[in-house]
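Here is what TrEMBL says about this protein:
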type	residues	note
BINDING	Cys20, Cys48, Cys51, Cys57	[4Fe-4S] cluster binding site
DOMAIN	19-81	domain '4Fe-4S Wbl-type'
Amino acid sequence: MSGSFSEDHMAPDWRDQASCVGEDPEIFFPLSDSASPGDEAFLARTICRRCSVLLACRSWAIEHGEDDGIWGATTAAQRRKIRRARLSREKWPDR
Ligand code: SF4
């Protein structure tokens, strides 16, 4: 997602490059939260896939526990799954 939520307003920020600037925010907050996103998330994910800061956005959302909406072409359910996998790898690196 975009907006002016830079912590340091003088520093360049990945959000300044966000492709979702000016898009309807409701596109990025579909009602369903599925690990297999369907039509509701299609438009948002299409915009994300063309976004030059997709990976920075996705990483931010995962690291900050963003639990709502489409960020970096992922749903909240997908990000939770990624977070769990990361935690599992940290806890049991030899598995
Ligand atoms: S990846 Fe998607 S949600 Fe993230 S900044 Fe780009 S367009 Fe917005």
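Each residue, glycine too, has its Cβ placed from N, Cα and C.
Put plainly, the binding-site residues Cys20, Cys48, Cys51, Cys57 were compared by Cβ crowding within 10 Å, and the winner is Cys57. For the domain '4Fe-4S Wbl-type' (19-81), DSSP puts the residue distribution at 31 helix, 2 strand, 30 coil.
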